[in-house]
DNA sequence: GTTGCTGCAAAACATTTGCATGCAC
DNA sequence: GTGCATGCAAATGTTTTGCAGCAAC
């Protein structure tokens with residue numbers, strides 16, 4: 001995903017371009033890591049003094065619905081990042097400090113010995129948590 | 001984990017036996033599935049008319065700290081269940097409707113091809129979500 | 001009697017919604 | 001001008017905390 005594709009998607013679906021939306025998309029493009037709503041507010045509050053959580057939440061929600069952002073939940077907080085790619089299923093190793101990620105291309109669901117009898121499976125979550133070298137160095 | 005072992009653990013650590021704690025432990029023993037704080041309140045409110053979330057949350061938190069309960073977070077809610085066993089690392093397949101679980105004995109972290117360079121790994125989560133046969137039948 | 005346990009009330013925190021105004025198209 | 005977008009304020013839902021009284025030991 002990138003800003004151009006995201007804007008296309010917005011237009012396709014009949015949503016409008018606004019400065020705030022563009023800046024939010026640019027932020028996710030620049031950062032390329034998981035961000036919480038408060039991170040987005042923090043990043044944009046200087047430019048938009050009146051910017052409120054309402055708008056951020058509404059747009060985060062819209063972007064996820066459109067497949068522009070992917071989400072996860074960490075420590076009770078919803079976090080968002082640019083969708084990595086729409087065509088390849090993958091998982092993430094996530095830095096608990098800064099949200100930086102690393103792809104994991106293996107999916108445990110591919111294992112032939114995975115048994116799910118008695119359940120109708122609708123999804124799964126596989127994430128590895130840790131600290132990236134940078135955050136690890138700063139913290140300790 | 002079972003009620004007896006949980007009570008031992010409580011006594012070991014100098015915590016007291018109270019009716020509410022015993023009933024909470026018995027509930028987790030009987031149910032053997034993930035429950036949210038509100039589920040616990042729902043189950044015990046008839047017996048204890050004045051029972052409040054404070055007590056439930058405090059005890060849930062205490063039980064987790066002592067390793068009596070294991071936790072997960074689903075749709076922004078913390079959920080708790082009796083620890084399955086302390087000696088065998090495993091994951092769960094979870095019913096999104098009722099919290100019922102099925103063990104998954106495979107752990108993707110065991111894979112030798114898992115690459116985590118650039119990160120200090122501190123944990124991981126692997127869960128499969130779905131609907132158990134019972135809930136599936138009732139819903140559709 | 002000491003110490004932990006509980007209820008009450010209030011607060012904290014992330015998130016959502018109603019409504020009136022404002023802006024993109 | 002129409003309809004989506006935004007800000008404000010208020011509400012929601014879950015979880016936490018201070019404090020005073022109560023119960024387990």
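Yeah, the Cβs are placed from backbone N, Cα and C, and that goes for glycine too.
What TrEMBL records for this protein:
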BINDING   A:89, A:124  Fe cation binding site
BINDING   A:95, A:98, A:132, A:135  Zn(2+) binding site
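Across the structure, residue A:124 (Fe cation binding site) and residue A:132 (Zn(2+) binding site) place their CA atoms 24 angstrom apart. Checking the binding-site residues A:95, A:98, A:124, A:132, A:135 against chain B with a Cβ-Cβ cut-off under 8 Å leaves A:95, A:124, A:132, in sequence order. When the neighbouring Cβ atoms lying within 10 Å are counted for each of the binding-site residues (A:89, A:124), the highest count belongs to A:124. Close to residue A:98 (Zn(2+) binding site) in the fold, though at least 6 residues off in sequence, lie A:33, A:132, A:134, A:135, each with a CB less than 8 Å from its CB. Secondary structure at residue A:95 (Zn(2+) binding site), as computed by DSSP, is strand. Residue A:124 (Fe cation binding site) falls within a strand when secondary structure is assigned with DSSP.
Within 10 Å of the Cβ of residue A:132 (Zn(2+) binding site) there are 22 other Cβ atoms, across all protein chains.
Cβ neighbours within 10 Å of residue A:95 (Zn(2+) binding site), excluding its own Cβ and spanning all shown chains: 23. When the Cα atoms are compared, residue A:89 (Fe cation binding site) and residue A:95 (Zn(2+) binding site) turn out to be 20 Å apart. There are 18 other CB atoms within 10 A of the CB of residue A:135 (Zn(2+) binding site), with all protein chains counted.
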